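Swiss-Prot annotations:
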type	residues	note
BINDING	C564, C573	[4Fe-4S] cluster binding site
BINDING	H666	chlorophyll a' binding site
BINDING	M674, Y682	chlorophyll a binding site
BINDING	W683	phylloquinone binding site
TRANSMEM	61-84	transmembrane segment
TRANSMEM	147-170	transmembrane segment
TRANSMEM	186-210	transmembrane segment
TRANSMEM	282-300	transmembrane segment
TRANSMEM	337-360	transmembrane segment
TRANSMEM	376-402	transmembrane segment
TRANSMEM	424-446	transmembrane segment
TRANSMEM	522-540	transmembrane segment
TRANSMEM	580-601	transmembrane segment
TRANSMEM	655-677	transmembrane segment
TRANSMEM	715-720	transmembrane segment
Amino acid sequence: IKIVVERDPIKTSFEKWAKPGHFSKTLAKGPNTTTWIWNLHADAHDFDSHTNDLEEISRKVFSAHFGQLAIIFIWLSGMYFHGARFSNYEAWLGDPTHIKPSAQVVWPIVGQEILNGDVGGGFRGIQITSGFFQIWRASGITSELQLYCTAIGALIFAALMLFAGWFHYHKAAPKLAWFQDVESMLNHHLAGLLGLGSLSWAGHQIHVSLPINELLDAGVDPKEIPLPHEFILNRELLAQLYPSFAKGLTPFFTLNWSEYSEFLTFRGGLNPVTGGLWLTDTAHHHLAIAILFLIAGHMYRTNWSIGHNLKEILEAHKGPFTGEGHRGLYEILTTSWHAQLALNLAMLGSLTIVVAHHMYSMPPYPYLATDYGTQLSLFTHHMWIGGFLIVGAAAHAAIFMVRDYDPTTQYNNLLDRVLRHRDAIVSHLNWACIFLGFHSFGLYIHNDTMSALGRPKDMFSDTAIQLQPIFAQWIQNTHALAPSLTAPDATASTSLTWGGGDLVAVGAKVALLPIPLGTADFLVHHIHAFTIHVTVLILLKGVLFARSSRLIPDKVNLGFRFPCDGPGRGGTCQVSAWDHVFLGLFWMYNAISVVIFHFSWKMQSDVWGSISDQGVVTHITGGNFAQSSITINGWLRDFLWAQASQVIQSYGSSLSAYGLLFLGAHFVWAFSLMFLFSGRGYWQELIESIVWAHNKLKVAPAIQPRALSIVQGRAVGVAH
């Protein structure tokens, strides 16, 4: 056994906590000017700047992860505690179609109690849109007591995480070799976290969630349903609902697995009672995922001479046109955590955006699809998180290029080849952006002009000149028809959005129906393509030119963030890798705004709405998307103004909080422009006048005030 920890490397002491800036020689001296506090914040978690010792940096990052997990558990505990203490969860569980979820009651201070709207069932509070109630029901929570217990459990886990963070930094800190043992890490993460994690969740779903939800769907009072541990301990209870449970594990070991198809199903579509995915489908899914990951977690070579070796795989990975291929990348990914993080963020960010799209097209929890506010919030939330992670990927890729890239070890491999033809990449991408920008915007301008001239027959629309998204429609159609060939026992396709005419409504509200795509979607999809390509252009240019450019050949010496290349070199401001991340963030915001607008209007126009006894669907905005969203004027008038006016005029009602937030958000946005539009010199002059006045009155501060640096000002601006 290899000993891969060091015992008692750093003694535990609170002394450093009393010395702000202890991690930096310069900052530890204390403040001379007000810039000190900004540098303190900028560098406190920049472990690279504290030491060059990769082992020490790795330990700090590892330890910080436990701190992060502790915070997450505390936050989660708070959510569950609110559900237990301040919510109408039990009432909602009894009647989820008429009662809205609420877990916050505003205290009557200076009239704020106006925010407590009537959410049904005699409960007054703020309606929540986080989806927690739906998750709780799906996992089989039937009482507020269970929420209390889970909240306490989360706090215990938080304490464990805090202890682990301390222990693995101060008592038993891993050696560098442990952090670099990628095969062992892959085996443990794949088999342990993802494999056993999915397996335990599948077990919970089968033994606890499924029976409880089966009874809830049948209309049994939550108070009459047996408690979770009773289902686990008493097999008879489960056998009443799923007779094959009486046979135990015999069918498993005799390979007669179809016996289990009562609770491990492959139905497709949605449960008509709840409007969510069949929970028997999701249990089956998690079991299958668990098997895959448990196998994957045994594929990498560690102590025995079988299995994959990452270094060998990467070095063998050469194509006919790619030079040395992946040679040298193994060394990068085991010595630069920025490079590793960049890849992980890019993948996790993309995955998060995929999750955003699955939350509405395959709503995973009961009664989620008919809770429109929550659907909108979850989509927005996952799109934003995904956007931040992808921009973060570019940021850390650029930091890797500046701090960790060693050109002498990377010759003619893929990274080197990409860097050598970066001009071709960036100029082609730039051309793509110009093309997409002019053409997508041009289609709208054309429509606005024709509309203004009263020539509807000359517009691009479903009723005039059609630009149908034929490829998207083909994909939809293929997926709608696929199950009949690939899964003959399935009753529906993976998602109702593909087509096929099915409609699921719960409590006279539409849960989901086939989403039609037309000219309007074709137009806005090209705006999506445009904004995404511009974001990529800015971020990729920042990474590829992080070390050098024709303008500043020695850029790497200036670091990741710098305002300009010194005095006497005009036109070299705002070229640092940091500035590219800054600009990329703005375009990420642009891109996501259009996505959220598109989703919000499309769903209200073509999916969400009420259904009459005769089966007639009335959509929230009456299906106006196809004809209104094809002009810029239509977006402004029929979406932005039509939706915002209700919020703006909300004062005096329980919605007023949203009106104030709306106003406040625009105030914050305007505040950000103050930092972005004014120059540093302006503020420095102003400060010096004010300091002069203080000197006159002999109240001058010991710490000299200074204007924000250019980079700091832009950081404050983009944050707001």
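Note: Cβ is positioned from N, Cα and C throughout, glycine not excepted.
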Other CB atoms, at most 10 A from the CB of Y682 (chlorophyll a binding site): 10
Densest Cβ neighbourhood among C564, M674 (binding-site residues), 10 Å radius: C564
DSSP state at M674 (chlorophyll a binding site), helix/strand/coil: helix
For the binding-site residues C573, H666, W683, the one whose C-beta sees the most other C-beta atoms within 10 angstroms: W683
Intrachain neighbours beyond the transmembrane segment (147-170), with Cβ under 8 angstroms and 6 or more residues off its ends: 8-12, 59-60, 62-67, 69-71, 73-74, 76-78, 80-81, 83-85, 89, 136, 141
Stretch contact, the transmembrane segment (522-540) with the transmembrane segment (376-402), Cβ-Cβ under 8 Å, 3+ pairs: yes
Cβ-based contact of the transmembrane segment (376-402) with the transmembrane segment (337-360), 3 or more pairs under 8 Å: yes
Spatial neighbours of C573 ([4Fe-4S] cluster binding site) among the binding-site residues H666, M674, Y682, W683 [C-alpha, 10 Å]: none
Same-chain residues near the transmembrane segment (186-210), Cβ under 8 Å, at least 6 residues beyond its ends: 138-140, 228, 231-232, 238, 241-242, 263-264, 279-280, 282-283, 286-287, 289-290, 292-294, 296-300, 302, 310
Contact call for the transmembrane segment (655-677) and the transmembrane segment (715-720): at least 3 Cβ pairs under 8 Å, seq gap 6+: yes
Nearest of the binding-site residues (C564, M674, Y682, W683) to H666 (chlorophyll a' binding site) - Cα to Cα: M674
Secondary structure of C564 ([4Fe-4S] cluster binding site) (DSSP, helix/strand/coil): coil
Cα distance (Å, whole number) from C564 ([4Fe-4S] cluster binding site) to Y682 (chlorophyll a binding site): 18
Distance from W683 (phylloquinone binding site) back to M674 (chlorophyll a binding site), taken between C-alpha atoms, in Å: 11
